[in-house]
């Protein structure tokens, strides 16, 4: 077992400088290094507390940031060397395969003729030169590889072996816990100098508990594709390919609808081009579902998200192995990410992914219970409203839109003008003579007692003209636009207002006032 530091998240502890007090570590996602909660995880009264120094890789100097409290069931277990020996042998022979293969006399080339007669030659009787008795003959009971040395070891023994190894390494001082794996430089010699200065030994194993274990397929991807692959599976912290097939269930599928298909295949933004997929051609993948290209679709809930794995046959290469597809979908049916092992699947949108989505959508319509009429206030909800308040049935108007339109048209057709509307002056009555109205005057003067609320112009008597408006006809400023017109020149907008004829000054009277 190699010694080395184990990474923990820095915000989960309280940093202290050379103190005897322990900093409480909180890491609920880590099954090995987790917070010791006396109420939730009671330990035996015979167990002792386990502490370890918290270090950092930011400096070559062995600086202590504080202390962390470790779980005694993991780092203070009884050392079982027999269990540890079983685990070491299990790991050693886990992938060991013997490929030695020896051919028998029947598999050797030649030897079909009897080398000499049975009798008369004085030599021993033989029937073939490929007999195991002859040189270059076949082998009897030889190795018949490939042969695997794998031995089954229960999960309980493997977990106990890991706890024994961590306990022994901690007691020997070979287990170092650091706040983060970030180093100030990318030079590999920095880590060599750090391990040499701190006397960590020749072999150091760096373990990051936050990085998911990748499958062999993910490890074989290119660097930029692998980086995107890790980003997609980071939401569930596990590679769907590494999950055993027997843990997925056929009936555990997300409620995907047609709007979710369109949102992902057409409107989703690509990571590589920063543009929408607009994969309208993938919408034809419904034919793959009808043709039976979908081999298997199963699902499982991981970290509150639906993880779906499927196998889809190729449309042009039916004899090839099916393409492996996995999807991560929210509980409401929105597709978060998808991946396919084909070339187009690296772009997160291909016909295989689309066919799986169509299959799930069909399954939802058959077995699902998310019909639009079964969700409250969503199937008739307008786009501008966020919620619809419930009303009593007797207060709801169930009249159709067609009927409401007919009632509105009937009201418009049956509308007749009233007597007041008939008394309004016509357009011809509102015309005035050109010689009675000055060119610069465009407003009408109305008696003060007959001015409606909407009309703020007042008729001014001849002797009450303010000095600012007593100017000649040809010198009336633009700001003085209130003039008096005859009664027959009242515009229709003033209704039945009355105008005093004797208060309307003529052009000659205005000229006389200006001379005075």
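Residue 1 is the first one shown; counting continues down the chain.
Every residue, even glycine, has its Cβ placed from backbone N, Cα and C.
Here is what TrEMBL says about this protein:
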- 12-26: compositional bias 'Polar residues' (COMPBIAS)
- 325-361: domain 'SWIM-type' (DOMAIN)
- 1-26: region 'Disordered' (REGION)
- 108-127: region 'Disordered' (REGION)
- 412-439: region 'Disordered' (REGION)
- 462-516: region 'Disordered' (REGION)
Please give the sequence-distant neighbours of the domain 'SWIM-type' (325-361): residues at least 6 beyond its ends with Cβ less than 8 Å from one of its Cβ atoms.
217, 225, 229, 232-233, 235-236, 240-241, 253-258, 260-261, 263-265, 268, 270-272, 277, 279, 281-286, 288-289, 293-294, 297, 304-312, 315, 370
What is the average pLDDT across the domain 'SWIM-type' (325-361)?
86
By DSSP, how many residues in the domain 'SWIM-type' (325-361) are helix, how many strand, and how many coil?
15 helix, 11 strand, 11 coil
Structural state census, the region 'Disordered' (108-127) (DSSP three-state):
0 helix, 0 strand, 20 coil
